[in-house]
Amino acid sequence: MSTYTTDRASPFTRAVISSMRRLYPERLADKDFDNTGLLLEAPFDPIRRQMNSVLLTIDLTKAVADEAIQRKDCVVVSYHPIIFRGFKSLTLADTQQQSLLRLALEGISVYSPHTAVDAAPGGLGDWLADIVTGTLPEPEPSTHTAKEGEEKLPDLDENEVRHKPVEDGVTDGASVPEKKPAPKPKRPSMMPRSSTYSKPTYPKPAETEKTLEANSSEIRHTRRTIHPISGVDGFEDAGMGRFVQYEEPQPLTHLIERIAKGVGSPKGFPVAIPQNMQVEDIQIRSVGVCAGSGHSVLKDCDADLLFTGELSHHDALRMTEQGKCVVTLFHSNSERGFLSSVMKDKLASVLREEWEKVRNEVEGEIDATMALKEEWEDAIKDEDVLVEVSEKDRDPFGVVILQSDQEGLPLR
């Protein structure tokens, strides 16, 4: 006979859900499109129970599901909801449904807070605003746009794999005749090129310092919510997006440096500026920030710089034509660092309190006639609480760097 208590989730799952709702109430989410809350409630098997642990991720991919199963986590908190629309069936043919079915089989539940985190005071919006208002822990850089012939490609990490095409008739160790520089062709051609490519690189927010520790002092500024949300007690400053106004103009180059350090030092990210300007000449008096896809929040924001995860070509073009600048990071790179910098510690702190409450509640629910009484008692004896950030989660896009000592030749 099955040991599943099919009408109950695990006690620890209850504590995780109440903790997330304390930090990021579902009433803050944009219900016009979002799907937040408990998306998968796995039945609890007291005999084969999971660890009292939570795995934080931005996206619940197959790799992250494998990670949670291997770790024996109790709950996956996935910032992006894996379920956006209703299902007509649940099958293994669909990769997302496959992940959900496998997690349910293992007794692992899934909770998604998404835009409730964006809107909450101290949430994603404020974290991004902290990045552009905090001073760097070392002196501000002296930065300028490279002139023609001055470009220097970034160094590769030691662990990055390089691909070097071998020219016909040349083997490792053989001397290569010195070649004269070829003139830059006017049209693409299939001329040979000796190139070095890195493997895709991704920001590593888990290796960055906590935002507030790295930014030991703040640039003087005012801050407000772009689209306020009212009616949620205790969250009076909630809302989507943040507008930052500096008391003194800030060089765009310095803001770019702060952003890079704040989100995990990516190899590069897109920056859009008006066509008649240079990066080093631009001074920024105000910034509009929004995690993820920022157009709906920032489209009417009258800021010098828009800082978001992604913006369409035409939206970015419209902004630069209006004299504004845009920094994007790839969608989830504007969100992922928040998990390790802020959410991990906040959730762990609240979860310890909620787990103690749930343990006392469940203890009062247990009686002599209860099935698997001893197993339930054993489950609530465990005082441990663990919150970790996924090591497998990453944005679908990485940056591949081309390195070559042969200038003026086209890519093959």
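Glycine is treated like the rest: Cβ placed from N, Cα and C.
Annotation comment: TrEMBL describes His80, Asp118, His331, Glu335 as divalent metal cation binding site. Within 10 Å of the Cβ of Asp118 (divalent metal cation binding site) there are 30 other Cβ atoms, across all protein chains.
According to TrEMBL, the region 'Disordered' annotation covers 133-220.
For 145-167, the entry in TrEMBL reads compositional bias 'Basic and acidic residues'.
Around the Cβ of His80 (divalent metal cation binding site), a 10 Å sphere holds 18 further Cβ atoms from the protein chains shown. With the fewest other Cβ atoms inside 10 Å of its Cβ, the least crowded of the binding-site residues His331, Glu335 in this structure is His331.
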